[in-house]
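The structure appears right after this line, and notes come after that.
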Amino acid sequence: MATKAAFARMNGLGNQIIVADMRGRADSITSAAAIRLASDSETAFDQIMAIHDPRTPGTDYYIAIINCDGTQAQACGNGTRCVVQALAAETGRHAFTFETRAGILTATEHDDGLISVDMGTPRFDWQDIPLAQAVADTRKIELQVDPADAPVLHSPSIASMGNPHAVFWVDKDVWSYELDKFGPLLENHPIFPERANISIAHVTSSDTIDLRTWERGAGLTRACGSAACAAAVSAARTGRTGRKVTVNVPGGPLLIEWRDDDHVMMTGPAEWEFSGTFDPATGEWSRDTQGLQGSGNADRGAA
């Protein structure tokens with residue numbers, strides 16, 4: 001019988017994350033285990049960040065990302081910050097290189113506790129997102145929420161940050177829209193063969209964006225780091241903002257910079273909640289006082 005694995009329940013601006021220590025193990029977290037953990041109010045999460053031994057030379061760890069519906073995700077910026085905080089507390093290191101399904105990324109914990117993640121380069125070609133049909137210009141595609149003569153949401157910008165995003169621009173408060181109603185319909189629209197993350201964005205100044213996101217495989221979320229990046233690069237690409245913006249998500253602000261080398265940097269906090277152990281096959285778990293960060297962090301607040 002396999003031994004249980006350690007985990008830490010954390011959050012990145014309210015994006016609920018489980019950081020699971022799968023190093024030195026041959027097994028992986030099953031979909032059934034993820035769904036069981038997601039259904040428990042104490043361990044409910046948006047994503048699991050499972051830390052595995054490295055698969056590629058030059059990287060520190062491979063991170064498998066699992067949504068709360070048991071599906072695999074390519075990227076999770078908020079979850080990556082949580083992984084960095086957990087590993088920094090354990091190892092004393094502050095810079096890491098990870099491999100995910102979306103590729104290689106680097107991340108650094110700063111002296112003030114904030115964490116920057118290099119989210120890589122955005123992609124805009126319709127094949128790379130991917131879309132189901134050719135689109136000449138992904139800055140604005142034909143997609144809308146009915147009624148046809150006065151659509152509630154329409155003409156989103158499309159981008160990939162290693163995962164597909166649609167950003168709908170609105171001219172009023174993002175809370176004015178029923179994202180819980182429109183989100184699942186748009187996520188599963190036929191134009192997105194791999195489904196998509198759906199965001200509503202309101203540009204409030206040349207360097208500030210308000211954002212709400214329906215996250216693919218997770219639903220409404222208080223924060224989605226890759227969506228914040230997709231909104232920031234799409235805003236710059238369409239002339240709505242400059243290349244360095246604050247994106248205000250329901251959980252708080254993220255600083256996003258689309259650098260001249262085309263890389264997108266995301267900076268924000270992470271917060272430790274509690275630790276425990278769990279069975280990666282079944283999802284059976286228990287809380288303990290020792291975990292990825294040890295017993296001395298039980299009252300640790302936001303970094």
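A Cβ is built for glycine as well, from the same backbone N, Cα and C atoms used for every other residue.
Taken from Swiss-Prot, the feature active site, proton donor covers CYS76. Taken from Swiss-Prot, the feature active site, proton acceptor covers CYS224, and the record attributes it to sequence analysis. Residues annotated as substrate binding site in Swiss-Prot, with sequence analysis given as evidence: ASN15, GLN47, ASN67, GLY77, ASN78, ASN163, ASN197, GLU215, ARG216, GLY225, SER226. Look at Swiss-Prot and you will find 278-303 tagged as region 'Disordered'.
Feature map: Swiss-Prot annotations on the structure.
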{"residue": "ASN15", "record": "substrate binding site", "DSSP (3 states)": "strand"}
{"residue": "ASN67", "record": "substrate binding site", "DSSP (3 states)": "strand"}
{"residue": "CYS76", "record": "active site, proton donor", "DSSP (3 states)": "coil"}
{"residue": "ASN197", "record": "substrate binding site", "DSSP (3 states)": "strand"}
{"residue": "ARG216", "record": "substrate binding site", "DSSP (3 states)": "coil"}
{"residue": "CYS224", "record": "active site, proton acceptor", "DSSP (3 states)": "coil"}
Notebook entry, point to check: Cα-Cα separation of ASN67 (substrate binding site) and CYS224 (active site, proton acceptor), in Å?
Noted result: 12
Item checked: Extent of the substrate binding site in Å [max Cα distance among ASN15, GLN47, ASN67, GLY77, ASN78, ASN163, ASN197, GLU215, ARG216, GLY225, SER226] -> 17
Check: So what sits near SER226 (substrate binding site) in its own chain, CB-to-CB under 8 Å and at least six residues off in sequence?
Finding: ALA75, CYS76, GLY77, MET119, MET161, GLY162, ASN163, HIS165, ASN197
Notebook entry, point to check: Taking the center of the Cβ atoms of ASN15, GLN47, ASN67, GLY77, ASN78, ASN163, ASN197, GLU215, ARG216, GLY225, SER226 at the recorded substrate site, which other residues in this chain have a Cβ no more than 8 Å from that point?
Noted result: ASP46, ALA73, ALA75, CYS76, GLY79, THR213, ALA218, THR221, CYS224, ALA227
Check: Can you tell me how far the Cα of ASN15 (substrate binding site) sits from the Cα of the residue listed as 'active site, proton acceptor', in Å?
Finding: 7
Next item on the list: Within 10 Å of each Cβ, count the other Cβ atoms and name the one among the binding-site residues ASN15, ASN67, ASN78, ASN197 with the highest count.
Entry: ASN78
Margin query: So if I draw a 10 Å sphere around the Cβ of CYS76 (active site, proton donor), how many other Cβ atoms end up inside it?
Written below: 31
Check: Which residue, of the recorded positions ARG216, CYS224, has its CB surrounded by the fewest other CB atoms within 10 A?
Finding: ARG216
Next item on the list: May I ask for the distance between ARG216 (substrate binding site) and the residue listed as 'active site, proton acceptor', taken between their Cα atoms and rounded to an integer number of Å?
Entry: 10
Check: At the Cα level, what's the spacing in Å between CYS224 (active site, proton acceptor) and ASN78 (substrate binding site), rounded?
Finding: 6
